[in-house]
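J.: I'd like to ask some things about the structure below.
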Amino acid sequence: MSEDAVKNAILIAGPTASGKSALAIRMAKATGGFIVNTDSMQVYGVLDLLTARPSRANLAEAEHFLYGHVPPSSTYSTGKWFEDVEALLGRCELQGRVPIFVGGTGLYFRALLGGLSQTPEVSAQVRDHWRGRMEAEGAKALHAVLCVRDPAIAAALQPSDSQRIVRALEVLESTGKSLLEWQKVKGRALVDDQSAQKIVLRPDRAWLGVRIARRFSAMWAEGAIDEVRALLALDLDPALPAMKAIGVREVSAFLAETMSREEAIERSVIATRQYAKRQSTWFRNQLGEDWRVYASGEEVFQGGSFRDPQ
C-alpha cells in the first residue's frame, strides 16, 4: 500500500440497477463526501439514459465526478480512468472529504485497491498491424491466433472481446512476454485497502430482473430513442465502446424499422439481465472476503452497519 493512498474511502460495487447510485448519494449526504464514477460506460457523453447515469436531480443532491466527460468517439481505458481519479484526488478543494466510488466495473475497483499493472508501450507499427488484422479478419480469427501463441490469456478472454485480444497480441509481439506476466507487476494503489469501507450490493435476482425491466421501459419513455439518434448522427465506428452500450443496437434497429418497439425493449432487458448476472458473478468470485455484502442500500444503514469515516 502506498503511503499517500487515500484513507477512509467508501467503495460501492454491484450489478446494474441494484441501487448503488441512491446509496452513494445517501452516503455523500451523511459524510459530506463526493461521488466518483466507477463504471466504464457512464464515462461517455450522449448516452445519459442508456448508461443509467445519475439524473440532473441526483447531481443536484451531491457532487459527482467523471460522469459523461469522455466523447463517445474515444476509447477510454482503465489506465486513463486511473489517471483521472489520481488527478481528482489531488485537487485541493476535495482534500479532507470522503471519496465515494460507485459503479459496476470490477477492474476499476481492483485498480483502486491494488494499483495498475505496468504494461509496456507498444510501437505504432505493431499496433497498426494487429488492429488492421482485427478489422480484416475479426475477433474470432484473432482469438484463434492468441489460443496458439498465448493459450493462458486466450482462455481468460471472450472470443468477441476484440479490444483485449488485440492488446494481448500487441504486448506479446512487442515484448515476447504474455500480458499475464506484465499484469503481475503492480503500481501504487490510490485507495488504502485497510481503512476503506467496501460494500457490494447483491439483491434478490428476481427483484433485480423486475427492476431492470421497469428501468429500461422508463429509459425508452424519457428519451432513449433521441439519445441513440444523436449517437448515430456522429457516424462513429461500430467497434467503439460507446456504440456497444446495451440498448444502442436494439434502438438502432427500431429506428431502422427492422425491429418493433416491443422487441427492442425485450431484447435490451434480456441483455441487461445477462450483463447483471456477469457482474454479480465477477464480484462474487473476484472481490475479497473483506467486502461486506448487502441485499440493498437500505440494509447498509440498518443495525449500525454503516460507519461515518469522518
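Every residue, even glycine, has its Cβ placed from backbone N, Cα and C.
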J.: Given 28-32, 163-167, 193-197, 213-217, which one carries Swiss-Prot's region 'Interaction with substrate tRNA' label?
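T.: So the range that Swiss-Prot calls region 'Interaction with substrate tRNA' is 163-167.
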J.: From the ranges 39-42, 95-98, 295-298, 303-306, pick the one that Swiss-Prot records as region 'Interaction with substrate tRNA'.
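T.: Spelled out, Swiss-Prot records region 'Interaction with substrate tRNA' over residues 39-42, not the other listed ranges.
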J.: Around the ATP site formed by GLY14, PRO15, THR16, ALA17, SER18, GLY19, LYS20, SER21, list the extra residues of the same chain whose Cβ is within 8 Å of the site's Cβ centroid.
T.: GLY104, LEU201, PRO203
J.: Residues of the same chain, at least six outside the region 'Interaction with substrate tRNA' (39-42), with any C-beta under 8 angstroms of its C-beta?
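T.: Residues 51-53, 67-68, 76, 78, 81, 102-105, 107-108, 241-242, 245 contact the region 'Interaction with substrate tRNA' (39-42) from elsewhere in the chain.
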J.: Using C-alpha atoms only, work out the spacing between GLY19 (ATP binding site) and ARG127 (site 'Interaction with substrate tRNA') and round it to an integer in Å.
T.: 40
J.: Mean pLDDT over the region 'Interaction with substrate tRNA' (163-167): what is the value?
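T.: Overall, the region 'Interaction with substrate tRNA' (163-167) comes to a mean pLDDT of 93.
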